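Peer 1: Take a look at what TrEMBL says about it:
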- GLY33, GLY34, TYR35, ASP53, PHE85, ASP110, GLN117: S-adenosyl-L-methionine binding site (BINDING)
Amino acid sequence: MEYAHTPVMLDQVLEYLNPHAGDYFIDCTLGGGGYALAIAKIVGPKGKVLAIDLDEMAINNAVSRIKNNPPISNLNNIILVNDNFKNLVVICDKYFGDQKGIKLNGIIFDLGLSGAQLKDSSRGFSFQMDTPLNMAFGEPADNSASRIQAGKQTEHLLNNCSKHELERIIWKYGEEKFFHRIAGGIINQRKIKPITSTGQLVDIIKKAVPKKYQHSQIHFATRTFQAIRIAVNDELENLAKALPFAVNLLSGGGRIVVVAYHSLEDRIVKNFFRKESKDCICPPAAPLCQCHHQASIKILTKKIVRPSAREVIANPRSRSAKLRVAEKLTG
């Protein structure tokens, strides 16, 4: 399946990253390759783009796109890495460690689920199709036993977690107000038959929530599917680990750009940027600073940047996107 994915707010991302010939960048979420390829064209043969993705299908698609695009392939300046961005320091050391004195000019995170992953019926991300449960970002590209195993964690979660743990996941990661009912529905259903498909899960949610909720603007299964996906992939924990690594790796004046799609991940980015842009993080009531914290970044987006109305029409997925940018302080 072609890994088609339209990069969100590409013009704004490039404007804030401000790449030049010879610069070095990291794309922590390669996806369809839109950001990485656009940056690669600008930095040219003397620059580098280290592009990371946990999804092997995204890596293979990028290999094909680069191979079939001579202007890009001739540059030979994109390094593709099949890994989790939480391992950013190890990855960077492996591929850039022997290049002493390089300046890392920018890092981009495009968080969440890609359009290609959502549309692929074998991935089990969508509540619009009845498919085997999967929801794993780290998806092998073939149809081997390892691919089947990739989705077992989701089944295990739904069929083995306690009611309390299910409630915690659905509320914490989905902010779903009917988390009690939905968790109860999952418990009742799995006593009858194991939950193994997205269709089963949608049916459980539908029976658990009020009829009025079933006809709201947001699909009634959206928040629960989001919660389970986030839990299975440790999305928020991985982001919280990666952000400090990213800032530490940047050279002075280098920029970190993050595109988030829901309030949970955006809140992590906002709070991290806010903390790292302050010289003191002691409680307001403290008479003297005892934390000795020093600001490491300057926030460039005082307000979140959103896509234009024209882009939302052309790419509905961009509707919920929120872009934040910070710059590494020098010295």
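Cβ coordinates come from backbone N, Cα and C, glycine included.
Curation plays no part in TrEMBL annotations; they are all automatic predictions.
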Peer 1: Whole number in angstrom, please: the longest C-alpha to C-alpha distance across GLY33, GLY34, TYR35, ASP53, PHE85, ASP110, GLN117 for S-adenosyl-L-methionine.
Peer 2: 18
Peer 1: Which chain-mates of TYR35 (S-adenosyl-L-methionine binding site) that are at least 6 residues away have a CB under 8 A from its CB, listed by sequence?
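Peer 2: For TYR35 (S-adenosyl-L-methionine binding site), the qualifying residues are PRO7, LEU10, VAL13, ASP27, ILE108, ASP110.
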Peer 1: Sequence gap of 6 or more, Cβ distance under 8 Å: name the residues on the same chain that satisfy this around PHE85 (S-adenosyl-L-methionine binding site), in order along the sequence.
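Peer 2: Spatial neighbours, sequence-distant, of PHE85 (S-adenosyl-L-methionine binding site): CYS28, THR29, ILE52, LEU54, ILE91, PHE109, ASN238, ALA242.
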Peer 1: What does DSSP assign GLN117 (S-adenosyl-L-methionine binding site), in three states?
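Peer 2: Looking at the DSSP assignment, GLN117 (S-adenosyl-L-methionine binding site) belongs to a helix.
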Peer 1: Going by a 10 angstroms cut-off between Cβ atoms, which of the binding-site residues ASP53, ASP110 has the sparsest surroundings?
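Peer 2: Checked ASP53, ASP110; of these binding-site residues, fewest Cβ neighbours within 10 Å: ASP110.
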Peer 1: I'd like to know which of the binding-site residues GLY33, GLY34 has the most other Cβ atoms within 10 Å of its Cβ.
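Peer 2: Neighbour-count leader: GLY33.
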